[in-house]
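Trainee: Sequence annotations record features per position, and here TrEMBL assigns domain 'FAD-binding FR-type' to 230-330. The annotation transmembrane segment is assigned in TrEMBL to 21-42, 62-80, 100-121, 141-163, 175-193, 205-225.
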Amino acid sequence: MTVLDTPRVAGRTHPAGTDALVRAGSIALLAGALLLVTRWWAADGGLSALGGWASALTSVGQWSGLVASVLLLAQVLLMARHPLLEGAWGQDRLVAVHRVVGFSSFTLMLVHIVLVTWGYAAGQLLASPAMLWQLVVERPGMLLAAAGTVALVMVVVTSVRAARRRLRYESWHLMHLYAYLGVGLALPHQLWTGASFVSSPARTVFWWAAWGATAATVLVWRVVLPFLRTLRHELVVHSVVREGPGVVSVHLTGRDLHLLRVHPGQYFNWRFLDRPGWTRANPYSLSAAPDGRSLRITVRDAGDGSGAAAGLVPGSRVAVEGPYGRLSPRVRTRRKVALIGAGVGVTPLRSLAEGLAYAPGDAVLLHRWTSEPLFAAELDALRASRGLQVVDLPGPRRHRDSWLGHAPDADDATVLHGWVPDLAERDVWICGPDPWADALRRSCRALGVPARRIHVESFGW
């Protein structure tokens with residue numbers, strides 16, 4: 001597809017009210033579940049048990065286990081890629097919530113293990129290791145729970161920023177899937193030894209409904225729908241085109257792509273089935289507006305599985321998960337838009353520049369690049385045919401707290417205002433590395449752009 005083709009052009013869809021309701025509803029649901037299990041804990045004598053040392057340890061340990069269970073299920077739901085949550089929260093906020101909920105649930109799970117064991121050991125700290133061993137080998141489901149804990153420890157360790165820097169994306173993603181295993185292995189222990197889970201019909205219904213809904217959401221959105229979508233659309237590689245040093249565009253064709261319900265700016269998790277490592281998915285955004293006949297992604301060799309994209313051959317079969325991402329026309333609230341990307345982060349913005357509806361002069365694209373711009377000819381064509389304003393920002397960042405390359409001796413916000421004087425009247429789409437996007441977000445806020453009109457897709461994982 002080229003910019004001379006006619007894509008499906010998207011205008012404003014005004015989903016803000018629905019998104020706000022989904023966000024408020026999800027927060028209320030989580031808060032309600034946490035309050036409910038705390039109330040049940042108190043009704044079972046949790047507060048009165050705080051009067052004694054050993055009983056207090058056990059009681060607080062039981063409460064932390066209940067809260068950890070709720071948060072673990074919430075964590076899995078955050079990983080399930082349900083479109084309501086994805087659309088309402090956005091990937092950047094979901095990642096932030098995912099990390100907070102994940103580390104909180106893991107910490108409370110460890111507190112649960114330590115305090116319950118300590119309490120069962122009559123409050124004798126030195127007797128706790130022997131008691132832990134006894135609980136693991138004698139209590140029903142505890143061996144499975146121990147294995148699940150090990151799986152969750154692996155997930156948390158590989159989620160620490162220092163560890164993520166040393167892992168390929170594919171390895172990190174594969175390790176992260178152990179969270180499903182860890183949570184699943186905890187269920188028998190909770191049902192067989194946790195009276196708080198099955199001591200009344202209301203509690204039994206609550207926990208089975210929570211577990212069942214979570215499992216169903218994961219199976220439907222992470223397994224069944226991607227499998228059916230892959231079978232239905234029969235995506236294959238049509239061609240691979242070099243865009244610049246270490247950057248290629250992969251053009252794909254398939255069946256009934258007009259039914260795929262994908263929008264400019266969104267991304268898929270891609271598996272190229274005719275190469276080693278096909279079991280590990282990579283997220284790549286569309287770099288051209290979908291036209292119902294073909295798709296295009298643009299991939300930079302980042303030293304992981306992305307480097308193999310240049311070696312793809314026509315006819316290679318492709319499996320997909322998605323589409324995902326809130327960096328799309330659905331969040332648009334203003335007639336004027338600003339698209340700002342760094343390096344290969346310009347790919348979804350290139351798609352939006354083609355797929356959005358706008359009058360000449362209403363859309364501006366700022367592209368920061370280090371050595372060579374991407375899509376220069378295509379952006380020139382959009383400038384001529386659609387009136388897109390394009391601002392090139394060459395060179396490396398001038399310092400680590402700035403999002404700019406070489407620029408006049410002025411602060412970032414002042415320079416940005418010089419390029420886009422009416423930025424406060426626009427929706428702003430941002431895509432690039434996390435530190436760069438954070439610096440740019442600060443400049444936008446300083447110029448009066450409300451947070452609700454700053455739409456970010458980051459490369460963080």
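Heads up, the Cβ atoms here are built off N, Cα and C, so glycines get one too.
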Trainee: Counting only residues 6+ away from its ends, which parts of the chain sit with a Cβ under 8 Å from the transmembrane segment (175-193)?
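Mentor: Result: 69, 72-73, 75-76, 79, 102, 139-142, 144-145, 147-152, 154-155, 158-159, 167, 207, 211, 218.
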Trainee: Would you kindly list the residues that approach the transmembrane segment (100-121) from elsewhere in its chain, counting only those six or more residues past its ends and only Cβ-Cβ distances under 8 Å?
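Mentor: Same-chain contacts beyond the ends: 54-62, 64-65, 67-68, 71-72, 74-75, 78, 127-128, 130-132, 135, 149, 152, 155-156, 159, 179.
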Trainee: Work out, from DSSP, the number of helix, strand and coil residues along the domain 'FAD-binding FR-type' (230-330).
Mentor: 16 helix, 42 strand, 43 coil
